[in-house]
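These notes are about the structure you will find just below.
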Amino acid sequence: VVFVGMMSSSTLWGNISDQYGRKTGLKISVLWTLYYGILSGFAPIYSWILVLRGLVGFGIGGVPQSVTLYAEFLPMKARAKCILLIEVFWAIGTVFEVLLAVLVMPTLGWRWLLILSALPLLLFAVLCFWLPESARYDVLSGNQEKAIATLKRIATENGAPMPLGKLIISRQEDRGKMRDLFTPHFRWTTLLLWFIWFSNAFSYYGLVLLTTEFFQAGDFCSISSRRKEVEAKCSLSCEYLTEEDYTDLLWTTLSEFPGVLVTLWIIDRIGRKKTMALSFFVFSFCSLLLFLCVGRNVLTVLLFIARAFISGGFQAAYVYTPEVYPTATRALGLGTCSGMARVGALITPFIAQVMLESSVYLTLGVYSGCCLLAAVASFFLPIETKGRGLQESSHKEWGQEMVGRGSHSPGVTRSNSGSQE
């Protein structure tokens, strides 16, 4: 239900962010999530939990727009590194949530867990007053004075002089239009990215579900030969997670940190496309190795490596997608990709849990095959964004990055073909 909410709203939040500003879309989505997150703790019956959590998912669909806003402030050399580092906080939040559940669930129960989980959004909502709007968005929407004010504030806070030159107003154009994602220049990129994002979420959440199944079985041989026994239980019974369950959750979550470090090390060396392709390939290779009859220790290592690389590939997609689209459709492009990811997350339980009951080998084959195709799709992306400035308008070629006072050189003026001229 949460993923349905996220899927249905991702494109909407992208459209709002392109039409009315990145900060506006982000603030509304955060306040929406905060309100329904707290309200979930007061759900009187199960059906209301589903409705309210679906509305929470609807708000969470706007969270990726924080990456859009962030990317539009970052210089070319630091963009990949900074976006990857902000993704670390997703993993930190997951670890925090597990620890919070350990403390809250045995004493206060799930209602307080939902309420306390939503409260950090209140802090963000307050701090939004100091969050600047994207200067790139303001220039494209014709608010030159506001963009200049933002740049002056940044220069003052960093103790740096304003760059030389004059801020040029971009050609006014429609923003947040779906048709712009399918112009001849972007059509192939959009379709390939949709499949890449779908495969990322499909494989990532599938691995999370498979990890639980494999650990419960003890090793791969056991799960491939066992038949689950159906036990008669009260339909309203609630089984709490044990300390061992929480420990397993922490271990699998911690694997995302090495994934960030590996991606951080290679993304500016081999490029965005090859990084995503490598991540998919390693995940697919680890999935195939699970066909062997491995023990629990080897199984744990393979699952750890697979999750590290698939999470790294997800983060690389978060770097690439805002870079490849122009400012006029950047938020919408990221929003539609995020929506496709939720489709993958919706489908994956039917493979990782339902199909697993029939054939473990077929299940692993589906994930491995999907990621091999995604690796090929990554190679066939027509644009490599490494070393390129963000494109401001769909009517212009790739733009130059802002160069500070004293940094001008005749050899670095503009970037039309992706390489510095």
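Glycine is treated like the rest: Cβ placed from N, Cα and C.
Under the heading domain 'Major facilitator superfamily (MFS) profile', TrEMBL lists 1-386. Across the domain 'Major facilitator superfamily (MFS) profile' (1-386), the prediction's mean pLDDT works out to 81.
Residues or ranges marked as transmembrane segment by TrEMBL: 30-49 (among others).
If you look up TrEMBL, you'll see 55-71 (among others) marked as transmembrane segment. Sequence-distant contacts of the transmembrane segment (55-71) (same chain, at least 6 residues past either end, Cβ-Cβ under 8 Å): 1-10, 12-14, 16-17, 22-23, 25-26, 28-30, 32-34, 36-37, 40, 79, 82-83, 86, 131, 134, 318, 322-323, 330-331, 334-335, 338-339, 342, 390.
With a threshold of 8 Å between CB atoms, the same-chain residues lying at least 6 positions outside the transmembrane segment (83-104) that come near it are 66-67, 70-71, 74, 112-113, 116-117, 241, 243, 246, 249-250, 253-254, 256-257, 260, 263-264, 267, 311, 315-316, 318-319, 322. Residues or ranges marked as transmembrane segment by TrEMBL: 83-104 (among others).
Here TrEMBL flags 110-131 (among others) as transmembrane segment.
Per TrEMBL, the feature transmembrane segment maps to 185-205 (among others). Taking Cβ pairs closer than 8 Å, the transmembrane segment (185-205) reaches residues 276, 280, 283, 307, 310-311, 313-314, 317, 320-321, 324-325, 329, 333, 336-338, 340-345, 347-349, 351-352, 367, 370-371, 373-374, 377-378, 380-383, 394 in its own chain, all 6 or more past its ends.
Taken from TrEMBL, the feature transmembrane segment applies to 249-268 (among others). Sequence-distant contacts of the transmembrane segment (249-268), counting only residues of its own chain at least 6 positions beyond either end whose CB sits under 8 Å from a CB of the stretch, comprise 80-81, 84-85, 87-88, 90-91, 94-95, 98-99, 208, 211, 241, 274-275, 278-279, 303-305, 307-313, 315-316, 319, 386.
Per TrEMBL, the feature transmembrane segment maps to 275-292 (among others). Within the chain carrying the transmembrane segment (275-292), a Cβ under 8 angstroms from the stretch's Cβ atoms is held by residues 196, 199, 203, 207, 220, 263, 266-267, 299, 302-303, 305-306, 309-310, 312-313, 316-317, 320, 361, 364, 367-369, 371-372, 374-376, 378-379, all 6 or more beyond its ends.
What TrEMBL records for 298-320 (among others) is transmembrane segment.
The transmembrane segment annotation in TrEMBL covers 332-352 (among others).
According to TrEMBL, the feature transmembrane segment maps to 358-381 (among others).
What TrEMBL records for 393-421 is region 'Disordered'.
As annotated by TrEMBL, compositional bias 'Polar residues' applies to 410-421.
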